[in-house]
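*Asks:* So TrEMBL lists these for the protein:
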- 96-124: coiled coil (COILED)
- 133-160: compositional bias 'Basic and acidic residues' (COMPBIAS)
- 281-291: compositional bias 'Basic and acidic residues' (COMPBIAS)
- 310-326: compositional bias 'Low complexity' (COMPBIAS)
- 133-172: region 'Disordered' (REGION)
- 275-340: region 'Disordered' (REGION)
């Protein structure tokens with residue numbers, strides 16, 4: 001038969017016995033052969049472990065009757081094929097060898113193709129896994145970026161909401177006066193009230209509401225007190241009047257001046273929060289105003305002599321908010337159109353600061369006098 005590169009190992013030949021050997025002969029031959037290839041007894045033999053493993057497998061195979069019968073049948077078939085091959089002439093031997101060579105080549109090609117397909121499948125799986133991983137990373141990065149954008153937008157919105165001036169109420173420039181008629185018998189008309197408050201700024205005399213009701217217990221007697229709602233045209237002027245409540249040197253002795261709604265307008269609280277009018281942020285506001293000393297000096301002069309302040313133009317529309325917004329605290333974006341009102345000018349803010357400072361000084365002096373007494 002033609003030589004084959006895939007000839008199976010003959011267990012009889014490996015153990016060193018014939019096909020007719022008994023179990024006792026097989027055991028004896030195995031013990032003798034194992035001494036020559038055992039790795040512990042032959043440390044210098046490079047492939048001792050491999051040879052000992054093959055010897056042990058052949059020994060176990062020959063001791064198994066069923067497996068030994070299969071081996072014997074295969075060996076007999078092999079021997080018969082060798083005999084037939086030996087009887088062939090040279091031409092037929094060449095044909096057999098060529099056939100076997102082609103079978104081996106076909107088998108080898110099939111194995112290589114299967115290995116290539118397995119390798120290709122593994123590579124595709126690796127590429128798909130890598131693609132899934134990259135997609136997940138991109139999705140995760142996109143989610144993080146979207147979250148950062150949302151957080152930044154929310155922060156900017158909160159900051160914008162905090163910096164934007166609040167909407168003005170209809171009574172934010174209106175003050176409430178309460179006074180005894182016995183001390184101010186002439187304050188019985190809107191014009192008289194406007195004249196009283198003119199040092200602080202122009203008022204809307206046509207919109208003044210005056211009430212002089214007698215007491216419920218004595219309805220027949222003349223009223224003792226009067227109450228009036230007087231709208232100013234500038235919130236800074238209204239603020240000055242409230243700060244001067246009850247002060248004789250400002251012409252408001254025995255006249256209580258408060259805000260019409262009973263509370264300070266939200267715009268004043270916002271100005272204090274932004275450091276534009278007293279409050280915790282006033283120091284910062286003073287630092288920011290250091291470059292505007294000239295306008296401040298002019299405003300101080302106007303505040304010291306409020307009677308000399310120019311009156312508003314009669315044709316100017318009545319507004320509850322001053323006419324311009326300073327660049328020093330104007331938002332980067334335009335204010336909401338829903339407000340649709342002018343903003344505070346620099347002079348109004350300066351005057352309100354001075355009035356607030358004067359009010360704080362008077363309160364401090366009163367507390368010191370009470371402490372000394």
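Here the Cβ of each residue, glycine as well, is placed from N, Cα and C on the backbone.
Caution: TrEMBL annotation is automatic and unverified by curators.
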*Asks:* On average, what pLDDT score does this prediction assign to the coiled coil (96-124)?
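*Replies:* Average per-residue pLDDT within the coiled coil (96-124): 92.
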*Asks:* Mind checking how the region 'Disordered' (133-172) divides into helix, strand and coil residues in DSSP?
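*Replies:* Once the DSSP states are binned, the region 'Disordered' (133-172) shows 31 helix, 0 strand, 9 coil.
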